[in-house]
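Single-structure report; data block below.
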Amino acid sequence: MSSELQISPAIHDPQGQEKQQQAAGVGILLQIMMLVLSFVLGHVLRRHKFYYLPEASASLLIGLIVGGLANISNTETSIRTWFNFHDEFFFLFLLPPIIFQSGFSLQPKPFFSNFGAIVTFSVLGTFVASMVTGLLVYLGGVMFLMYRLPFVECLMFGSLISATDPVTVLSIFQELGSDVNLYALVFGESVLNDAMAISLYRTMSLVRSHSSGQNFFMVIVRFLETFVGSMSAGVGVGFTSALLFKYAGLDVDNLQNLECCLFVLFPYFSYMLAEGLSLSGIVSILFTGIVMKHYTYSNLSANSQRFVSAFFHLISSLAETFVFIYMGFDIAMEKHSWSHLGFIFFSILFIVIARAANVFGCGYLVNLARPAHRKIPMTHQKALWYSGLRGAMAFALALQSVHDLPEGHGQTIFTATTAIVVLTVLLIGGSTGTMLEALEVVGDSHDTSLGDGFEVVNSRYMTSYDDEDTPPGSGFRTKLREFHKSAASFTELDRNYLTPFFTSNNGDYDDEGNMEQHHEERIPFTRRGNLNNRG
């Protein structure tokens, strides 16, 4: 069978080469048809406000149905190979534009106003969820409740299954309207969560391959090297691009093509630089997106700003939709190991427990550091807990684990992850709208403007901390508040030094001019997008 799939004989055989080209054409045509169907169906569902089948769920279903039909009809192998989910293709071509757009579309005001909470949920919370899941899976195996895996492999599974994909929840937020703080928490946590999960998985994989001489301290050091190094590479590339566009004088009419080409190349430069340094390209391109939107974007001409915003939004939408179709087709075509149903059942139970430990534990810590008027209400914490759907990132890492782990172990993890992804995307994703309305965190009462939610400046945050009585012995709470103050100090540093240095705005951080106008073009917090038209 493998000899039939080799390309080299077809090169010398005109008929074989023609057959390969025909199979490629049919495969790509089917993919395009599924993309068109997915976008049209998503539009119809949005137009009729049918929230029980979100766009991501519809795309996954289309892939599952077409893949099932191809499997039943014994579609020709050369055509089916065009639908195989390759983790290299996913990580090199599909994921980078999605992650970059996540960072590029961040709104600076809500993100930095909730920066401490977002970092707590995404970094500490993801670490807690990974460790809790891995430990529970290991204990479940020891107690003969489920298929037993070695401890490090359990931690690898905990890391990959902690990668959340709340695209369904965010789309419903956009349709129904949501509290600005809640949207910022869910979106910000999801952006950094993927980067954290990938770094944890790669660290655990490295520990497994070099198990001798490793200890917990070295694991933490290796993880910090990967994460901080990748973040530094991304931020460095972003700042370099900002200075280039500030001083190169490209924002003139006859150089707009060059301006846009250079801007589009920088994200992939950041990604490949990190990968070449054995770091995480996903972490790097994420922070490149954040920095380029905050600094480089304002150095572009008005026409180039409109083009790059539309371009990255376009390719990320195509990639995201294609990923769910691609994933659904591959799930239907792959041979899964369903012999360990106990592993699947208890894994689902354990990730629910781990997600609760993540959200409610971190929520408690964040509320310790916040004044009364800034505490995260329990309804928001429940919504954040419910939004922890698993998606393409967990699926891709699980597929990679099939190659990283011994035969049987990786296949068991892949099958369990597949079941979890399908369950969360279809069932939980379909009930998200009802759940959010029951919690009363969406609706017209939450359609507040972006500025209304963040009028309190950093000095008022700091004053509220100083004025509150601090009971004796609350040193931990004091340290948490110092961390929150550092976020406010960074905002002041950005306003007074970084923005004037890296942009041509001369420090006009909060004015209603060009920079703020383009930041607010993509505000997702209202039902009908009428926020920018307010009087």
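Glycine is no exception: its Cβ is also placed from the backbone N, Cα and C atoms.
The topological domain 'Cytoplasmic' feature in Swiss-Prot is assigned to 1-24 (among others).
When Cβ-Cβ distances below 8 Å are used as the criterion, the transmembrane segment (25-45) is approached by residues 53-55, 58-59, 62-63, 66, 79, 81-83, 318, 321-322, 324-325, 329 of the same chain, each at least six residues removed from its ends. Look at Swiss-Prot and you will find 25-45 (among others) tagged as transmembrane segment, backed by sequence analysis.
Summarising the annotation, Swiss-Prot assigns topological domain 'Lumenal' to 46-49 (among others). The average per-residue pLDDT of the prediction over the topological domain 'Lumenal' (46-49) is 85, rounded to a whole number.
What Swiss-Prot records for 50-70 (among others) is transmembrane segment, and it gives sequence analysis as the kind of evidence. Long-range neighbours of the transmembrane segment (50-70) within the same chain, counting only residues 6 or more positions beyond its ends whose Cβ lies under 8 Å from a Cβ of the stretch, are 30, 34, 37-38, 41-42, 79-80, 83, 165, 167-168, 171-172, 175-176, 320-321, 324-333, 391, 422, 425-426, 429-434.
Per Swiss-Prot, the feature topological domain 'Cytoplasmic' maps to 71-87 (among others).
Residues or ranges marked as intramembrane segment by Swiss-Prot on the basis of sequence analysis: 88-108. Using a Cβ-Cβ cut-off under 8 Å and counting only residues 6 or more beyond its ends in the same chain, the intramembrane segment (88-108) has close neighbours at 184, 187-188, 190-191, 194-195, 267-268, 271, 281-282, 285-290, 292-294, 312-313, 315-316, 319-320, 322-323, 326, 392-393, 396, 450, 519-520, 522-523.
The topological domain 'Cytoplasmic' annotation in Swiss-Prot covers 109-126 (among others).
For the transmembrane segment (127-147), same-chain residues at least 6 beyond its ends with a Cβ under 8 Å from one of its own Cβ atoms are 154-159, 161-162, 196-197, 200, 340, 342-343, 345-347, 350-351, 353-355, 357-358, 361-362, 412. Annotated transmembrane segment per Swiss-Prot: 127-147 (among others), in sequence order.
Among residues of the same chain six or more beyond the transmembrane segment (149-169), those with a C-beta under 8 A of the stretch's C-beta atoms are 54-57, 126, 129-135, 137-138, 141, 186-187, 189-190, 193-194, 197-198, 200-201, 203-205, 207-208, 211, 320, 347, 351, 354, 358, 383, 386-394, 397-398, 401, 404-405, 409, 412-413, 416-417, 420, 425, 429, 432, 436. For 149-169 (among others), the entry in Swiss-Prot reads transmembrane segment, with the evidence type sequence analysis.
Taken from Swiss-Prot, the feature topological domain 'Cytoplasmic' covers 170-179 (among others), and the record attributes it to sequence analysis.
Feature annotation from Swiss-Prot assigns transmembrane segment to 180-200 (among others).
Marked as topological domain 'Lumenal' by Swiss-Prot: 201-215 (among others).
Taking Cβ pairs closer than 8 Å, the transmembrane segment (216-236) reaches residues 195-196, 199-200, 202-204, 206-207, 270, 273-274, 277, 279-288, 291 in its own chain, all 6 or more past its ends. Per Swiss-Prot, transmembrane segment is recorded for 216-236 (among others), and the stated evidence type is sequence analysis.
Residues or ranges marked as topological domain 'Cytoplasmic' in Swiss-Prot (evidence: sequence analysis): 237-271 (among others). For the topological domain 'Cytoplasmic' (237-271), DSSP puts the residue distribution at 30 helix, 0 strand, 5 coil.
Through the fold, the transmembrane segment (272-292) approaches residues 91, 95-96, 99-104, 106, 191-192, 194-195, 198-199, 202, 226-227, 229-231, 233-235, 237-239, 241-242, 263, 266 of its own chain, all at least 6 residues removed from its boundaries and within a Cβ separation under 8 Å. Annotated transmembrane segment per Swiss-Prot: 272-292 (among others), in sequence order.
Shown for the topological domain 'Lumenal' (293-306): DSSP residue counts in helix, strand and coil, namely 12 helix, 0 strand, 2 coil. Under the heading topological domain 'Lumenal', Swiss-Prot lists 293-306 (among others), citing sequence analysis as support.
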Would you say the transmembrane segment (383-402) and the transmembrane segment (180-200) are in contact under the rule of three or more C-beta pairs closer than 8 Å, pairs 6 or more apart in sequence?
yes
Around Asn299 (N-linked glycosylation site), which residues of its chain at least 6 apart sit with Cβ under 8 Å of its Cβ?
Ala242, Phe245, Lys246, Asp251, Thr503, Ser504
In the same chain, which residue numbers or ranges, 6 or more beyond the ends of the topological domain 'Cytoplasmic' (328-340), come under 8 angstroms Cβ to Cβ?
34, 59-68, 70-71, 80, 83-85, 146-147, 408, 411-412, 414-416, 418, 421-422
Take the topological domain 'Lumenal' (362-382) and count its residues per DSSP category (helix H/G/I, strand E/B, coil), listing them in that order.
16 helix, 0 strand, 5 coil
